[in-house]
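Everything below concerns the one structure shown next.
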Amino acid sequence: MKKFTNWFSRLVLRNPWGVMLLIALLTVLLCLRLPNLTLNNSTDRFFSPDDPEVLTYREMVKSFESDGIMLLVLEAPQGTMDRAYLERTDELTKSIEQMPETEKVYSLTNAQTIRGNGTYLDVRKLLKDPTQLDPEAIKRFHDDLTQNQILQEELFSKDQRLGALVVFPLETGSAKDAALRSKLIAQIRELIQRPKFQELKPSFAGPYVVEADVNHYTKRDLAWLLPLSAGIIFSFCLVYYRSWTLSGMAGLEIILPFIWTLGLMAWLGISLTMVSTLLPPLLVTIAVADIIHIYATYHDQMIQAGYHDPTWLQKYKMLRRTFRLTMAPCFMTSLTTAIGFLSLFTSDIAPVKEFGLLAAFGVSADFLLTMAMVPVGLLLLKSSGSAGVNPTVFSWFSKFLSKLRQVILMHPNKLILLMLLIIAASIPGILQIKTETNFLEYFPKDSRTFQDNRRIEEGFSGAMPLTVFLKTSHPQAFKDPALLKKLELFAEQLRNIPQFGKVSSLTDYVKEVHWAIQGENADQRRIPSTSEQVGQALFLYELAAENDSELSRYVNFDYSEAVVSIRMREHSSSQITQLIEQVNALAQREFAGTEVQVRITGRANLFYQMVEMLLQSQIKSFLLAIAVIILLFVISLGSLRRGLISIPPNLFPIAICLGLMGYLGVPLDVSTVMVASICLGIAVDDTIHFMFRYKSLRTSGQDLENAVGNSIESIGTPIVITSVLLAMGFCVLMGGYFKPTFYFGLLLSSSIASALVGDLLFLPALLLQFDRRKGIKKAADPALETP
């Protein structure tokens, strides 16, 4: 490491302008593809192509249409049979159908009804011509709608005060589908903003709509909160260092690793996901810590050398010493963090693997940029040897750390006991944490997204689709009355589950057609008693419907496969998991003894399977990262004892963070699961800097108390400054519109504060108690030699 440090420091300090030019060229190159970067949270991105859940879904979609729908519900004060309401519904239907991103639209003005008189089966549109709504047409529409049981809660509510348009977006099976859906959602929202449609109080919902809104508000919050956060960090640097150049250099160095990482994503064709949006705070955290440590070390060396107006050669020598003191700890912080994130590469989830790779690249880029740009900036800076540090602030930090040193040296046992009591107090909170993701709860209660979903669920039907896929190996199986009756009973049992709204299946059409054939006798709305009667009813329906048959939504061409379509009034991942288990248990029981294979699938199932996979993957990767980091601690410090001593202070902020989550009722979900990892990264970085300085002092022959005390006073300043900067920066996120943004800011700020306590109180106290080995004299520092 020493040889590399000497070589790298000479290369950078002897060619400052060449280094800056190279960085500028690489930045321009990586930025060329940035306009092509996209955000894609589609569930397809989170599954491997051969995942059983994906294979089941694709098999289902081959025979049936996708259940990925958007629900546009309109209020009808005069009822859904009101002429003005129908005219606007028809206008909306046709307008959305004409959008290139739409597959089809299903509404009251283009839906069909099934009628009959005992000798004739009539399958026709509810409205033959929506533009010709004379009294007779309205009367016929009223009669058809009143008699139709298939469309109830599908296209109109029981009290007929709400009507719906079911929008099926175009799905090409490519990575562009998410962008197409977002564009379609934006167009529909723009359309319904027109005053004549606003009178109908439209509500727009569905998993695709929620997904698009999550993307939108995530980007919106990051777009203004991150620059504001960076601005606060820059302002603090300006106050402390009193130098526009130094502060600007720090700001540039913070931004560049993130830009490089985004540029690499664009070049590799990797889109942003809910996982990779965590890269900005992660890279900012690491960049700030390294910059502050280099600035602080350089400032200390200048003061110790007595250089108040240094020459270029004197600055060169002090920067060589700074390299010597900071290169190893900065390298270890970057190495441990990079390896920790590379552990995510063990995940089966593609975006998690990508995040691990990109985070490792960003951390590596940050190390190289920091070690190149900051020394070059200090070398070229025309300022005093103290690097412009504000004497008032510096004096305050010095006095604070001096008093802190006295307290720690006098009361190490009491501090250890206090830290252990705080950890113990966090345990009840940790035990209260719930593993749950509810994307609807991410939105404020008064938000459009939350209100629209709740209105639809309370007054109409659920907007979250779930599909039960039933498969046999025999053609015509679903014409068997015995199997159809089992299917009917299964559907009725599903309708009794409070969280389920509309439940649809093939039996709805079989009963409706049989009722119409039998002269619309109420007693005949049932499953025919023989396979021949079932076959005849379905044949007559297909004949009468011509090209508008709806059977393909629920049964395949040879009647060997069928689906049951469910709309849920639930968004909680834990509740949906329980509901899926309940549905599967009911299906297995109902179809026991038959050849029917039951599979629960659909977009909702994929979505929440993805959530559970993501959570479990992150937790496993986090535990693996802890194990790897502990091993690296031991290796880098050259001592098993010191490696073990370093562990509790790093677990301390994690315990505080998780305890706070439990007490505040913040669930462990896809937005909060990474907080612990970032928290670990912050604590580990400061611990490494502290332990390397402590190890250096002990090796030079200082006794335990002096080595601990001097480490606190020398390395404490950059640790405190880093923590204050980051806490201030992340507190800004609490002003976000999006709940995950608020929680992210709250938890990270709390973690940073507790990490500071762990590194400046807990760690020194543990060293005083458990590291009693004598120091060893060492040779002079070669970094001071004249170049």
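Keep in mind that glycine also has a Cβ here, set from the backbone N, Cα and C atoms.
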May I ask you to indicate which of 19-42, 715-738 is given in TrEMBL as transmembrane segment?
715-738
Of 258-280, 281-303, 672-694, which span is tagged transmembrane segment by TrEMBL?
672-694
Would you mind listing the long-range same-chain contacts of the transmembrane segment (415-433), meaning Cβ under 8 Å and 6+ residues beyond its ends?
407-408, 648, 651-652, 655-656, 658-663, 665, 667-668, 757-758, 761-762, 765-766, 769
Examine the transmembrane segment (715-738) against the transmembrane segment (647-666) and state whether at least 3 Cβ pairs sit under 8 A, considering only residue pairs 6 or more apart.
no
Is it the case that the transmembrane segment (744-768) and the transmembrane segment (647-666) touch, counting contact as three or more CB pairs under 8 Å in which the residues of each pair are 6 or more positions apart?
yes
What is the number of residues in the domain 'SSD' (244-380) that are helix, strand and coil, as DSSP sees it?
121 helix, 1 strand, 15 coil
Under 8 Å, at least three CB pairs between the transmembrane segment (622-640) and the transmembrane segment (672-694) (pairs 6 or more apart)?
yes
The transmembrane segment (647-666) and the transmembrane segment (325-345): do they have three or more Cβ pairs under 8 Å, with pairs 6 or more apart in sequence?
no
What parts of the chain pack near the transmembrane segment (672-694), using Cβ distances under 8 Å and only residues at least 6 beyond its ends?
275, 278, 281-282, 285-286, 289-290, 293, 325, 328-329, 332-333, 336-337, 340-341, 614-615, 618-619, 621-622, 625-626, 629, 633, 636-637, 642, 646, 649-650, 652-654, 657-658, 661, 666, 707-708, 711, 714-715, 718-719, 722-723, 726, 740, 743-744, 747-748, 751-752, 755-756, 758-759, 763, 767
